[in-house]
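Take a look at the structure set out below.
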Amino acid sequence: MAKGTTEMEVGSDGVAVIYIANPPVNALSIDVLFSLKGHYEEVLRRNDVKAIVLTGTGRSFSAGLDISAFADIRKHAGKPSVAAIDGPALGGGLEISMVCQARISTPNAQLGLTELQFGVIPGFGGTQRLPRLVGLTKALEMMMLSKPIKAEEAHELGLVDAVVSPNDLLNNARRWALDIYESKRPWARALYKTDKLESPDLAREILNSARVQSRKWAANLQYPFVCIDAVEEGIVSGPQAGLRKEAMAFQELFFSDTCKSLIHVFFSQRATSKQVPGITDLGLMPRKVSNVAIVGGGLMGSGIATALILSHYPVILKEVNEEFLNAGIDRIKENLQSRVRKGKMTKEKYDKTLSLLTGVLDYEKFKSVDLAIEASSISNYLTSAASSKECPAHIMPLLEIVHTPRASLQAVVTLLDVGKKIKKTPIVVRNCTGFAVNRMFFPYTQAALWLVDHGMDVYKIDQACTEFGMPIGPFRMTDLVGFGVALATGMQHLENFPERVYKSMLISLMTEDKRTGEASQKGFYRYDSKRKASPDPEIMNYLEESRRIAGATPDPELLKLDNSAIAEMVLFPVINEACRVLGEGIAFKASDLDIASIFGMGFPPYRGGIMHWADSIGARRICAMLSEWEMKYGQFFEPCSHLLERAAEGLPLSALATKTMNNQAKGKL
Ligand SMILES: C[C@@H](O)CC(=O)SCCNC(=O)CCNC(=O)[C@H](O)C(C)(C)COP(=O)(O)OP(=O)(O)OC[C@H]1O[C@@H](n2cnc3c(N)ncnc32)[C@H](O)[C@@H]1OP(=O)(O)O
């Protein structure tokens, strides 16, 4: 079935208006592009058509290439085209508008070449036209950051020729197109503009600076550098050469694993709140939430309160006594003041936001709230919103909504809506120790401690994990969260999963000597006053004592492992635990765990998330490696049934195994 099309109407003024019609965002599917090509060929043949306006149906010009398709577009000469832009014009959407001779937009247009968020580069001429319309520096910034700009800035830069009201958009564009047709306005062709381009020497400096910047955030990635190379080719050898380099590079990148992974993340992130079986498919609508009450003003509660008042929700914060309440309010003030210090918030906005907060010591005002969130340990009668304890809730992009048996489905649907409104990515999980993120990643530190007790170097393990793409290694992370949290979390898991907790004494030994992580300026690393971490030779004493207590002897085989193999030995147990979380029904779908791993633990998005990455390796290989390690080193590595079943059947980890399907059919699950 065709996915989208273009529609055309020719007015008595001789202007053909072509509408891109592929709701909801007018993505450029193959059907749309072929239809667009057909309409352009038709208007070039028609004598009653003097000029063309290209626009989108609904409130979107176009969100760019339909990222499940690949297409090509040819430039059209002969009759002037003007793009009439309302809403997003992103990726290929902006690119086809730059092929037009002019662009008219409404004030709420968003214009950007956002392809790098999918691991590709602009493929419809954007690497050549955007620099020539807005200058090299701004063009590189927009492409590297995948960050759209608003109409006003686009107009100042010359990307948009006029900004008009939505009601005047089409008529303005028609008039503009006719003016070009009647030679009252220039026939502009962005591809050959040069007035915005910097001098060759300055351009070379700008391009190299972009490469240096990209190395800081994209050390493991190729596509940002491929984009810069395509831009440079056009500057050095001319726009046609640049187009050729861009087209070849785009095709190669579009079929890469990185692109597939990033597209998977894009759709999975949107699916976390839309496809929750047994919850979002019941026709329940989110209740209107005008104000929220929070029980508990600790790190979690004050973070949630901060996120809510930043999104303009009035919040009632309840604590057990004046001291705790003031402490909670002070945490929230500090969270806001930090934004003021960083220039993200004005003093006026600070005052206005803080005025939304009311502190109470009883439940009297709870009678008038629409939503209550418990962020302490009082009960599971309410919907408990928790995220990884290592990061304040207003910073954490992930919101784990714990669907306890007593939490109403209505409350969950409403919290999903509130979660998105406070700019979080919500996932629904069932209740268990550590919910999804902390449970899945508990083995991250455990496996690392096991490797260290068997002779491996602490800093080599961290380096192997950061080379894999994790933001920080397990030991640097343990220093960051603090040994108190690490020990408390360890106790929780030991109580609930004793058969698969590795009992290392290393952290306890260090804690006895007041080595408790970054806060004490020494843990696995030593920290200077600016929190810069350096390896600390003093930990050797603790390592030797820990190895002695563990009765572990250094394994020569382990010490030969390269960094890629070390990362697998740390992360395959994480995959194993993720499979348990999925198999036990704690998580509703594998893609939710992908999003949880990325947004909750910084798992590299360009690998698609923990389960997507696991499926790129295959259940069979992961199972075989874990089984081999279990034979050699013990139960910590024992593959779970979810993994074993899929390995046996050669299924992806996200698939329902035959046994599971049969059990469900018998009502056993
Ligand atoms: C030719 C080359 O240059 C390559 C390209 O063009 S690559 C594509 C570049 N495009 C983008 O980066 C834009 C991606 N989309 C967005 O940023 C946002 O969707 C939006 C700003 C356009 C709209 O945001 P919002 O209003 O929040 O709505 P959603 O994000 O939820 O999107 C609504 C549904 O549309 C689907 N969708 C969005 N963009 C695309 C796309 N490019 N291709 C296919 N589908 C797209 C999205 O998944 C939502 O679908 P759902 O089923 O409703 O969940």
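Positions of Cβ are set from backbone N, Cα and C atoms, glycine also.
Per TrEMBL, domain '3-hydroxyacyl-CoA dehydrogenase NAD binding' is recorded for 291-375 (among others). The average pLDDT the prediction assigns to the domain '3-hydroxyacyl-CoA dehydrogenase NAD binding' (291-375) is 95.
Taken from TrEMBL, the feature domain '3-hydroxyacyl-CoA dehydrogenase NAD binding' applies to 392-432 (among others). Under 8 Å from some Cβ of the domain '3-hydroxyacyl-CoA dehydrogenase NAD binding' (392-432) lie the Cβ atoms of residues 269, 272-273, 276, 278-280, 282, 284-287, 289, 292, 299-300, 302-304, 306-308, 310-311, 313, 335, 370-371, 373, 375, 380-386, 439, 496, 581, 584-588, 592, 595-596, 599-600, all in the same chain and six or more residues away from its ends.
According to TrEMBL, the feature domain '3-hydroxyacyl-CoA dehydrogenase C-terminal' maps to 434-527.
Note: the domain '3-hydroxyacyl-CoA dehydrogenase C-terminal' (434-527) comprises 63 helix, 5 strand, 26 coil (DSSP; helix = H, G, I, strand = E, B). Summarised by DSSP class, the composition of the domain '3-hydroxyacyl-CoA dehydrogenase NAD binding' (392-432) is 13 helix, 12 strand, 16 coil. According to DSSP, the secondary structure content of the domain '3-hydroxyacyl-CoA dehydrogenase NAD binding' (291-375) in residues is 45 helix, 16 strand, 24 coil.
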